[in-house]
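What Swiss-Prot records for this protein:
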- 1-23: signal peptide (SIGNAL)
- 37-145: domain 'Fibronectin type-III 1' (DOMAIN)
- N47: N-linked glycosylation site (CARBOHYD)
- 153-248: domain 'Fibronectin type-III 2' (DOMAIN)
- 231-244: compositional bias 'Polar residues' (COMPBIAS)
- 265-274: compositional bias 'Acidic residues' (COMPBIAS)
- 352-390: domain 'EGF-like 1' (DOMAIN)
- C356-C367: disulfide bond (DISULFID)
- C361-C378: disulfide bond (DISULFID)
- C380-C389: disulfide bond (DISULFID)
- 395-573: domain 'Laminin G-like 1' (DOMAIN)
- C543-C573: disulfide bond (DISULFID)
- 574-611: domain 'EGF-like 2' (DOMAIN)
- C578-C589: disulfide bond (DISULFID)
- C583-C599: disulfide bond (DISULFID)
- C601-C610: disulfide bond (DISULFID)
- 618-797: domain 'Laminin G-like 2' (DOMAIN)
- 793-829: domain 'EGF-like 3' (DOMAIN)
- C797-C808: disulfide bond (DISULFID)
- C802-C817: disulfide bond (DISULFID)
- C819-C828: disulfide bond (DISULFID)
- 836-1015: domain 'Laminin G-like 3' (DOMAIN)
- C988-C1015: disulfide bond (DISULFID)
Amino acid sequence: MDLIRGVLLRLLLLASSLGPGAAPLRSALRKQGKVGPPLDIILDALNCSAFSIQWKMPRHPPSPIMGYTVFYSEVGIDKSLQERSYGVPPGLDTPTSGRLDHQMIFEEVIGDLKPGTEYRVSMAAYSQTGKGRLSSPQHVTTLPQDSCLPPTAPQQPHVIVVSDSEVALSWKPGESEGSSPIQYYSVEFTRPDFDKSWTSIREQIQMDSMVIKGLDPDTNYQFAVRAVNPHGSSPRSQPSSTIRTARPEESGSGRYGPHYATDTEAGEDDDTFEDDLDLDISFEEVKPLPAIKEGNKKFFVESKMAPRPNPMTVSRLVPPTPASLPTTAVAPQPTPVDRKGKHGVAVMPRLFDTSCDETVCSADSFCVSDYTWGGSRCHCNLGKGGESCSEDIVIQYPQFFGHSYVTFEPLKNSYQAFQITLEFRAEAEDGLLLYCGENEHGRGDFMSLAVIRRSLQFRFNCGTGVAIIVSETKIKLGGWHTVTLYRDGLNGLLQLNNGTPVTGQSQGQYSKITFRTPLYLGGAPSAYWLVRATGTNRGFQGCVQALTVNGKRLDLRPWPLGKALSGADVGECSSGICDEASCINGGTCMASKADSYICLCPLGFRGRHCEDAFTLTIPQFKESLRSYAATPWPLEPRHYLSFMEFEVTFRPDSEDGVLLYSYDTGSKDFLSINMAGGHVEFRFDCGSGTGVLRSEEPLTLGHWHELCVSRTAKNGILQVDKQKAVEGMAEGGFTQIKCNSDIFIGGVPNYDDVKKNSGILKPFSGSIQKIILNDRTIHVKHDFTWGVNVENAAHPCVGSPCAHGGSCRPRKEGYECDCPLGFEGLHCQKAITEAIEIPQFIGRSYLTYDNPDILKRVSGSRSNAFMRFKTTAKDGLLLWRGDSPMRPNSDFISLGLRDGALVFSYNLGSGVASIMVNGSFNDGRWHRVKAVRDGQSGKITVDDYGARTGKSPGMMRQLNINGALYVGGMKEIALHTNRQYMRGLVGCISHFTLSTDYHISLVEDAVDGKNINTCGAK
């Protein structure tokens, strides 16, 4: 604008200096008149600190337009003091005159304004005649501050080390994305041992996970993330945990791929500032950002099309203003090259005649130069597919189409030796299956596996010559094959389908291979350059079902769920496998392999299509069927906060798998019991750190084992069979565990959702016959509420061997029958025909009474009981009546033996009285015992021993009980007696009298009983 004013001033001075001869010039200037105001002015508030102004040039200007000026000031403030102006000089593409120039739309963005403030705006054009007429003032108000909030900080990023120079980074958005959707993320890093500030990677990352390359080997790093929306950047996230890149000898990795500038910055929370560092850092985005999935989001900040219907639009962007809004660039239409995948999904990359510098690919795709056909192609990112890469593809068994590939971290600890097993199905005679090497072009060290004319070729080079090992048999197209590669130094081996191994040897003396590139599966982005090394420049066509490297099976799903870091144009081999599945009775279909499925049958159904109904007795779990069962916690979570104990009897068929698992959705709390490498592991977390207890000895597979795990506060105990008990402690200061999920048995519904430190990797394979939680038995028939593909184990109890309503009690590989009253024998097959006058009890026997005349004599303010008994066991219950279920400080009355002594106990609601007569009353002889209570006072007399007395604490005097009366034992005795007694009487009872004169016929008056036989001699 100063330039324009200077030109006009010099013209006027020149005219005046010419004197009278200049009159015609001055007259000509006056005749031309002032330029009119710009037309069709539109104001629009963009954000809190900027507005846009659009206009058309004045109609029929008398002379060419030399520029525009926008005048703006706050409404309500003295205009002469506050008015500001912004000059718009003419650009190369700015029309200045012409018949159609008035149709052009101009746009400018005015920034650095106050939030929520009303501005008065007008503008004028400049020409040779000077400033034109001002437009009529218009008003515009910037958006209020609360509508222009930046995002909150993302969650703490999770980092895993990929190699000596690479890490994989993932994160989740923060609590709020601010007032507008997140546009991109920025990543920062620091080296705690060297740096005093954070270095920013100057890239706009439109993902929520990435692989960062080019880091220093054997170096500590921390990473942080910021989220950016149109209103600004979030604070820095909580820094990641400190990780250390691998040493070069541990893991080869190259600094490959595009490199990007870095920026060392000092933020609001930094104490120091350093100059930019010349760090060679690159990144690879591996997962699309959900907020920008649709359409082409490749942003161009150079221009912005005005949102007007007129096709002729000129636009500019003011660089300092943060209000610029990016637009979608339109890519040229590619040459149509179509190929349909196995299930009809278009997968052939689009071919362009232009180079990647000029090609604009759609969102979720990237450009690669095509050296074979010329031009370039847009490839879909891993997990994306379809014509415009807009379809989500869930990848479990990757499908390749000749131009696809998947990348994994470079081969680790493999420079001297490695073993790789691959299960695949080929659809074409040629194609690259595996490649990993020193560089992307096959020069120097490498290994590869390729299908060449239906033969498999395993090649490797230690640096001085290539070994080529060719399978003796050819593969069958469309059939599944398993190939194993093994190399140790110069020597290599290839084995196809368990056939005769073929061996070979590389040339020269070098025996180690440096691996720096990713491990490529199904092809490689540089396959064109690999033909000399690998024998083919074609990608693999077909499916891969399993890949195992050095004994560890790789999860082929995209990271972070699996190990696949990136890829191109990958499909899912099992897609559509369930379309024609017929799972009935509530079963659901899922792919079990690349070309087969299983039905997830609900509890009580089994079979290929869940067609077979059955009664579950002894559950059998199978990893191949994704089995699991679930049961709710018997009581509220508060009952298990500080103490829990599980007793489990199980038979493992595999060295790994989850036995029990439960967790809290709102915290880090969990507990898990796993088979891990043949050992039992008990893991638990109170919210501040995980405790891990591991059995000292491995378990014998195919045999029954007894397990007991307990936790008191943050202390745990693990006991397996007769092994030495293992004790351990959880980390941190928290001491309680709250689990609001069900208890999962034998597996879980989703292995991706388990707690990070739970150790849960796969389902349990084997049988579980008993689970007891805090003395409460978890019954398969009644307590298992849901689950899938749980079948019956091969166990005698499955065949219901107990007759006449007897219940089968499994005892590892054997069993016992609990017989109802009136039956006896190994299988309860024998009816008791004679009346039982003196019942015999076996430790798991009992008699139950619910007659009101009996019950009222064992309650109230007074009680009087007499019994004659004999026993050979030191411990056993004689009599019990209490609330059902028992609660803390519940009323009860009991009589029994503990370590040979007789104990009379009762609680009236204010505390327990326990009166004991010491002795050895388990001598097998008959003894008489009398227990009397009058209010709080109690007395017990045994044989001719002197009486022992006692008194209950507190003020309560009445015995208020709602439960039945049990003699000789009871159901779940440890649970219902709060562990006062662990077993019933082993012996006989001949007399039972209440209230001194109310004689009870022990068997005849009983309403129920178990395992009652006739005692021998009186």
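For all residues, glycine too, the Cβ spot is worked out from N, Cα and C.
All features noted in Swiss-Prot, drawn onto the structure.
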residue : record         : Cβ contacts under 8 Å, 6 or more apart
C367    : disulfide bond : C356, T359, C361, S376, R377, C378, H379
C389    : disulfide bond : C361, S362, A363, D364, S365, C378, C380, N381
C543    : disulfide bond : Y397, P398, Q399, F400, F424, R425, C573, A594, D595
C583    : disulfide bond : C589, C599, L600, C601, H609, C610
C802    : disulfide bond : C808, C817, D818, C819, H827, C828
Long-range Cβ environment of C797 (disulfide bond), under 8 Å and at least 6 residues apart: T617, I618, Q769, C808, R809, P810, Y815
Dominant neighbour of the domain 'Laminin G-like 1' (395-573) in 37-145, 153-248, 618-797, by Cβ pairs under 8 Å: 153-248
Stretch in 37-145, 352-390, 574-611 most in contact with the domain 'Laminin G-like 2' (618-797), if contact is a CB pair under 8 A: 574-611
Integer mean pLDDT for the domain 'Laminin G-like 3' (836-1015): 94
Residue, out of the disulfide-bonded residues C573, C817, C1015, whose Cβ gathers the largest set of other Cβ atoms within 10 Å: C573
Winner by Cβ contact number (other Cβ atoms within 10 Å) across the disulfide-bonded residues C378, C380: C380
Which listed residue (C361, C578, C589) has most other Cβ within 10 Å, given these are disulfide-bonded residues: C361
Nearest recorded site to C578 (disulfide bond) by CA-CA distance, among recorded positions N47, C988, C1015: N47
Other CB atoms, at most 10 A from the CB of C819 (disulfide bond): 27
Summary of DSSP states over the domain 'EGF-like 1' (352-390), given as helix, strand and coil counts: 0 helix, 14 strand, 25 coil
Pairwise Cα distance for C1015 (disulfide bond)/the residue listed as 'N-linked glycosylation site' [Å, integer]: 94
Helix, strand or coil at N47 (N-linked glycosylation site) [DSSP, three-state]: coil
For C610 (disulfide bond), the number of other Cβ atoms found within 10 Å of its own Cβ: 22
